[in-house]
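Peer 1: The structure is given below, and queries will be raised subsequently.
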Amino acid sequence: SVGFKAGVKEYKLTYYTPEYETKETDILAAFRVTPQPGVPPEEAGAAVAAESSTGTWTTVWTDGLTSLDRYKGRCYHIEPVPGEEDQYIAYVAYPLDLFEEGSVTNMFTSIVGNVFGFKALRALRLEDLRIPVAYTKXFQGPXHGIQVERDKLNKYGRPLLGCTIKPKLGLSAKNYGRAVYECLRGGLDFTKDDENVNSQPFMRWRDRFLFCAEAFYKAQAETGEIKGHYLNATAGTCEEMIKRAVFARELGVPIXMHDYLTGGFTANTSLAHYCRDNGLLLHIHRAMHAVIDRQKNHGMHFRVLAKALRLSGGDHIHAGTVVGKLEGERDTTLGFVDLLRDDFIEKDRSRGIYFTQDWVSLPGVLPVRSGGIHVWHMPALTEIFGDDSVLQFGGGTLGHPWGNAPGAVANRVALEACVKARNEGRDLAAEGNEIIREASKWSPELAAACEVWKEIRFNFKAVDTLDPS
């Protein structure tokens, strides 16, 4: 008889392979699967493997024209999620030949494409990916990385300080530049375009770039420090985005910016390549991430988006504060912060890391802390995240009762005091408030900031928490 038999067969007969031993070259994925009632977990896991690789809903004769064993995804392990009814972690291995080299876009189109609308599943979430060394080497990665950035800025041994200019929309270019100048003059390393500042009627991009460049050159001359402003090059087309990046380079600024999720991975990778070739650092904002990553049972965890960004390219990325107004549990956040910064990260389920990840020669990314943070948070931020991070105080700078420059002074004094105390062996977690109070005795700017924000708390539990072990 003919080898082809038409009809529908269960996915698990082909795609559930518990005996499979993963290869070093496989891309491995951990999915949180919530099957529909009556669908066994093995069938659900196999369906995910099939629909995100070579499978379709029925047997087709063209399967015989290729080697399914070589190209199919395999669900090789399933485990129940502790404390959750009808939720499972399904581990899927994908052969490397399924993916185009150097394309995050293609990787995601396969792994998190149509399968997320699959009717046999009530919900599906991609918790983690293991990117093999062979695939990692196909990417340029961050435009420059942590060490090159420090060398360009000549700033070592402490976190970098930033500030998002507010109000985020409505300022004219000249007033915007004035706010930038005041912040940089006061002691910040960077100021930032808000993610939704592109080129609107009240402030066209070219005017903003010019006034911001004037501001940071003036602040550099006055302080003797290298300064920067993240000029947001995000635009409606890739061509327009690159045009803005070219103008930023012509102005001699050190850093540009992109909204990588709304702009898209193809645009982001193009911009990262341009920045590497032309000496620009690249700051990345994650606008839209919570649409994808906030719900615990459906979507994609931010650690996956963070890994994807390191492949696509970016020198900074916003990554949760733990202590501010935006979502972020401590152990989970530190897990993906290490995935951004370190060369090699061991599997550690207590921090949500499902796979050991080796980044080989890919440069690291500086995690950015922003959103509802102020001077009283400085000891915790310094202690939790260490030197290799960017601390960004928007309202926590511009909301100072005396203005932007004193707000910047307050943050710089608080940071220097915390770094000095840490280097002297003091415990920032236990003595943080005392360290800030001591510093405020000789800094009136810090004293005023301490008074304004002494009662501010954002005491809400994180939605996306770790599973019980």
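Glycine too: its Cβ is placed from the backbone N, Cα and C atoms.
Okay, so Swiss-Prot annotates it like this:
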MOD_RES   Lys5  N6,N6,N6-trimethyllysine
BINDING   Asn114, Thr164, Lys168, Arg286, His318, Ser370  substrate binding site
ACT_SITE  Lys166  active site, proton acceptor
MOD_RES   Lys192  N6-carboxylysine
BINDING   Lys192, Asp194, Glu195  Mg(2+) binding site
ACT_SITE  His285  active site, proton acceptor
SITE      Lys325  site 'Transition state stabilizer'
Peer 1: At the level of the C-alpha atoms, what whole-angstrom distance separates Asn114 (substrate binding site) and Asp194 (Mg(2+) binding site)?
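Peer 2: With the alpha carbons as reference points, the distance is 33 Å.
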Peer 1: What binding-site residues among Thr164, Arg286, His318, Ser370 are found with a C-alpha within 10 angstroms of that of Lys192 (N6-carboxylysine)?
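Peer 2: Near Lys192 (N6-carboxylysine), where near means Cα within 10 Å, the binding-site residues are Thr164.
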Peer 1: Can you tell me the CA-to-CA distance separating Arg286 (substrate binding site) and Glu195 (Mg(2+) binding site), as a whole number of Å?
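Peer 2: Cα-Cα distance, Arg286 (substrate binding site) to Glu195 (Mg(2+) binding site): 8 Å.
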Peer 1: Cα distance, Thr164 (substrate binding site) to Glu195 (Mg(2+) binding site), nearest Å?
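Peer 2: So the alpha carbons of Glu195 (Mg(2+) binding site) and Thr164 (substrate binding site) sit roughly 9 Å from each other.
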Peer 1: Quick one: pull the CA-CA distance for Lys168 (substrate binding site) versus Asp194 (Mg(2+) binding site), whole Å only.
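Peer 2: Cα-Cα, rounded: 6 Å.
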Peer 1: What kind of secondary structure is Asn114 (substrate binding site) part of, going by DSSP in three states?
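Peer 2: In three-state terms, Asn114 (substrate binding site) counts as helix.
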Peer 1: Among all chains shown, work out which of the recorded positions Lys168, Lys192, His318 has the most CB atoms within 10 A of its CB.
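Peer 2: In terms of Cβ crowding, the pick is Lys192.
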Peer 1: Taking Asn114, Thr164, Ser370 as the binding-site residues to compare, which has the smallest set of other Cβ atoms within 10 Å?
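Peer 2: Each of the binding-site residues Asn114, Thr164, Ser370 was scored by Cβ atoms within 10 Å; lowest is Asn114.
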Peer 1: From the Cα of His285 (active site, proton acceptor) across to the Cα of His318 (substrate binding site), what is the distance in angstrom?
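Peer 2: His285 (active site, proton acceptor) has its Cα 6 Å from the Cα of His318 (substrate binding site).
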Peer 1: What does the structure give for the C-alpha distance between His285 (active site, proton acceptor) and Asp194 (Mg(2+) binding site)? Integer Å is fine.
Peer 2: 9
Peer 1: Identify, among the recorded positions Lys166, His285, Arg286, the residue whose Cβ has the fewest other Cβ atoms within 10 Å in this structure.
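Peer 2: Result for the recorded positions Lys166, His285, Arg286: minimum number of other Cβ atoms within 10 Å at Lys166.
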Peer 1: What is the number of other Cβ atoms found within 10 Å of the Cβ of Glu195 (Mg(2+) binding site)?
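Peer 2: Summing over all protein chains shown, Glu195 (Mg(2+) binding site) has 22 other Cβ atoms within 10 Å.
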Peer 1: Roughly how many angstrom lie between the C-alpha atoms of Asp194 (Mg(2+) binding site) and Thr164 (substrate binding site)?
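Peer 2: Pair distance, Cα basis, whole Å: 6 Å.
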